[in-house]
Amino acid sequence: MASSAIPAADLRSFAEYLKGCKRIIALLGAGISASSGLPTFRGAGGLWRSYEATDLATPEAFDANPDLVWQFYSYRRHMALKAQPNRAHYALAELARRNTDFITLTQNVDGLSPRANHPSKQLHHLHGSLFTVKCTSFYCTYSRENDFTDPLVPALAIPDNTPELNPSTDDKTGEVASRSLSQALKGGEIKEADISDERVPLPALSTDVLPHCPKCKEGLLRPGVVWFGESLPSKTLNQVDKWMNAAFVDLILVIGTSSKVYPAAGYVDKARARGARVAVVNMDRNDVGSSGLQPGDWFFQGDAGTIVPELLKGVIGEV
Ligand code: BJW
């Protein structure tokens with residue numbers, strides 16, 4: 001049973017505290033969606049065709065190789081659409097319905113929290129969405145949200161000989177899906193320990209066949225996500241700051257993030273400074289952020305999809 005993995009005393013003290021909490025914030029990272037079988041960014045689940053996923057998440061990578069970066073994002077869109085929200089996404093959505101002073105900041109771009117019907121006013125997307133596209137032309141402001149077309153253009157279709165990219169909730173770390181991504185264009189059978197060190201040549205795609213702006217007709221479209229060196233959406237940051245500064249904060253839940261990317265990771269210390277106790281849910285005990293754990297914090301080690309519903313059960317019931 002899920003709860004047996006959580007030390008009983010910690011579960012009890014957390015559940016007791018949670019019942020008295022009013023203002024709660026959650027910070028989500030790729031680990032919550034690893035519970036749905038999607039790859040993470042760092043660690044074993046963080047390779048795509050032997051590229052570091054984070055090397056592809058930059059404006060420089062897109063400028064230099066828009067076809068490589070578009071293929072990376074096209075696979076990610078495809079996998080995210082096939083994945084299903086897990087019990088952690090549903091549990092947080094339910095907590096939001098029961099407590100309108102609970103907000104969630106997600107770094108994830110996969111759309112799984114909205115698909116779990118998380119109330120949208122209480123969900124802030126810090127790093128954008130895979131399903132937004134925007135024009136790269138300096139002179140054009142075109143942007144389109146909630147475009148779930150797969151593939152976006154014929155050239156980005158997943159080749160027929162690709163092993164099925166089926167994220168599975170049996171894969172709690174996203175590693176299997178990450179291997180699928182790595183192997184995808186090889187057309188080969190995916191074996192358990194098969195993470196290639198070679199960079200397999202991608203089909204070179206001419207810029208002409210990549211998605212273009214329907215408004216200005218000239219600019220290349222790009223994924224509506226936030227890459228390294230880019231600003232996070234200012235409207236979102238302002239809304240979060242307003243909430244944060246309105247009153248003291250009781251609790252911050254830090255779920256499935258390596259807490260290495262800023263400004264997102266900085267919300268833990270901001271919440272702490274507003275009085276919050278911190279509860280971290282992660283597979284890796286080392287991923288607790290730069291200021292570490294402090295007295296009064298909780299660390300729950302394991303799969304978010306199992307642990308989060310267990311932690312929230314006393315307030316939201318079974319999901
Ligand atoms: C499980 C699990 C299971 C696995 N259950 N857990 C201050 C200090 C130093 C640097 C900076 C700073 N401020 C800004 C910077 C620069 C930079 C930065 O942070 N760099 C650091 C890496 C050093 N930040 C930026 O550039 C940001 N922009 C900015 O600050 O603008 C202003 C500015 C501009 C110029 C100069 C200075 C300031 C933008 C950051 C954008 C990040 N973008 C990405 C890509 C998004 C699009 C896409 O998805 O492709 O966001 S990178 C990638 O990392 C993605 C993620 O959202 C983000 C965080 O990763 P996350 O979610 O934590 O995933 P992982 O893989 O790292 O961790 C998964 C965790 O899950 C692990 O801990 C596992 O153990 C765990 N896990 N299975 C529970 N089943």
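Counting starts with 1 at the first residue shown.
Backbone N, Cα and C define each Cβ position, glycine as well.
No curator has checked TrEMBL annotations; they are predicted automatically.
The domain 'Deacetylase sirtuin-type' annotation in TrEMBL covers 4-319. Summarising the annotation, TrEMBL assigns NAD(+) binding site to 29-48, 107-110, 256-258, 282-284, Ala304. TrEMBL lists Tyr73, Arg76 with the feature substrate binding site. The active site, proton acceptor annotation in TrEMBL covers His127. Residues or ranges marked as Zn(2+) binding site in TrEMBL: Cys135, Cys140, Cys213, Cys216.
Recorded features from TrEMBL, shown on the structure.
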residue : record                       : DSSP class
Gly29   : NAD(+) binding site          : coil
Phe41   : NAD(+) binding site          : coil
Tyr73   : substrate binding site       : helix
His127  : active site, proton acceptor : coil
Cys135  : Zn(2+) binding site          : strand
Cys140  : Zn(2+) binding site          : coil
Cys213  : Zn(2+) binding site          : coil
Gly256  : NAD(+) binding site          : coil
Met283  : NAD(+) binding site          : coil
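Phe41 (NAD(+) binding site) sits 29 Å from Cys213 (Zn(2+) binding site), taking the C-alpha atoms as the reference points. Among the binding-site residues Ser33, Gln107, the residue whose Cβ has the fewest other Cβ atoms within 10 Å is Gln107. The recorded positions shown are Arg76, His127, Cys140, Cys213; of these, the one with its CA atom nearest the CA of Gly29 (NAD(+) binding site) is His127.
Cα spacing between Met283 (NAD(+) binding site) and Cys135 (Zn(2+) binding site): 38 Å, rounded to the nearest whole number. Ranking the binding-site residues Ser33, Gly37, Arg76, Gly256 by the distance of their Cα atoms from the Cα of Cys216 (Zn(2+) binding site) places Arg76 first.
With all protein chains in the displayed structure included, the most crowded Cβ environment within 10 Å among the binding-site residues Cys135, Cys140, Met283 is that of Cys135. Close contacts with ligand 1, defined as a Cβ under 6 Å from any of its atoms, occur at His127, Gly256, Met283 among the recorded positions His127, Cys135, Gly256, Met283. Counting only residues at least six positions away in the same chain, the Cβ atoms of Cys135, Ser137, Cys140, Tyr142, Gly219, Leu220, Leu221 sit under 8 Å from the Cβ of Cys213 (Zn(2+) binding site). For the pair formed by Arg76 (substrate binding site) and Ser33 (NAD(+) binding site), distance between Cα atoms is given as 12 Å, rounded to the nearest Å.
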